[in-house]
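Engineer: Below are the features listed in Swiss-Prot for this protein:
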DOMAIN    55-84  domain '4Fe-4S ferredoxin-type 1'
BINDING   C64, C67, C70, C114  [4Fe-4S] cluster 1 binding site
BINDING   C74, C104, C107, C110  [4Fe-4S] cluster 2 binding site
DOMAIN    95-124  domain '4Fe-4S ferredoxin-type 2'
Amino acid sequence: MFPMVTEFMNYGQQTVRAARYIGQGFMITLSHANRLPVTIQYPYEKLITSERFRGRIHFEFDKCIACEVCVRVCPIDLPVVDWKLETDIRKKRLLNYSIDFGICIFCGNCVEYCPTNCLSMTEEYELSTYDRHELNYNQIALGRLPMSIIDDYTIRTILNLPEIKI
């Protein structure tokens, strides 16, 4: 008779423990009900990226001295720097500068080690195209300002999502 009573007590303890675990899970679910939604309507609303975000590289042609430091520090030797030596002034003159963003790993080494600060990272991350050859940006495409600076009126940036009224 005693084994039957102990089994019944164990069953009761297990039932109480299971109910407690279900209650804890339900409390976690209820705590998430008060939070703001994480999703946004992407093409029309965009979250503001952090200031350390590594997006598309912006290039200023006039500042570049064609030292090729960006090529040496790049782990995949990506930037293509074409220059010509001016013999009369004994300086390099930059002819072309290009980066293929289809291969770029956005490590930021080129920006960090550039002695003249002609390279900078922007917050632009929409680089998708249907043709991979369009991702090869030359000095003209790299010099264009990103959309966030131009201030496109059709896109609303979101710093804090609106609160839910219950």
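Heads up, the Cβ atoms here are built off N, Cα and C, so glycines get one too.
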Engineer: Far apart in sequence but close in space: which same-chain residues, 6 or more away, have a Cβ under 8 Å from C74 ([4Fe-4S] cluster 2 binding site)?
Structural biologist: C107, N109, C110
Engineer: List, by number or range, the same-chain residues at least 6 past the domain '4Fe-4S ferredoxin-type 1' (55-84) whose CB is under 8 A from its CB atoms?
Structural biologist: 49, 91-101, 103-107, 109-125, 127, 137, 139, 142-143, 145-146
Engineer: Could you put numbers on the helix, strand and coil content of the domain '4Fe-4S ferredoxin-type 1' (55-84), residue by residue per DSSP?
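Structural biologist: Counting residues per DSSP class in the domain '4Fe-4S ferredoxin-type 1' (55-84), I get 5 helix, 8 strand, 17 coil.
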Engineer: Take the C-alpha atoms of C104 ([4Fe-4S] cluster 2 binding site) and C70 ([4Fe-4S] cluster 1 binding site) and report the distance between them in angstrom, rounded.
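Structural biologist: Taking the Cα atoms only, C104 ([4Fe-4S] cluster 2 binding site) lies 12 Å from C70 ([4Fe-4S] cluster 1 binding site).
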Engineer: Which residue, out of the binding-site residues C64, C67, C70, shows the minimum number of other Cβ atoms inside 10 Å of its Cβ in this structure?
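Structural biologist: Counting other Cβ atoms within 10 Å of each of the binding-site residues C64, C67, C70, the minimum falls on C67.
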Engineer: Counting across all protein chains shown, how many other Cβ atoms sit within 10 Å of the Cβ of C107 ([4Fe-4S] cluster 2 binding site)?
Structural biologist: 14
Engineer: So what's the mean pLDDT when you look at the domain '4Fe-4S ferredoxin-type 1' (55-84)?
Structural biologist: 93
Engineer: Would you pick out, from the binding-site residues C104, C110, C114, the residue whose Cβ has the largest number of other Cβ atoms within 10 Å?
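Structural biologist: Of the binding-site residues C104, C110, C114, the highest Cβ count within 10 Å belongs to C110.
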Engineer: For [4Fe-4S] cluster 2, what surrounds C74, C104, C107, C110 with a Cβ no more than 8 Å from their Cβ centroid?
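Structural biologist: Going along the sequence, the neighbours come out as I57, C70, V73, P75, I76, L78, P79, I99, I105, F106, G108, N109.
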Engineer: Could you find out if DSSP has C110 ([4Fe-4S] cluster 2 binding site) as helix, strand or coil?
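Structural biologist: Reduced to three states, the DSSP call for C110 ([4Fe-4S] cluster 2 binding site) is helix.
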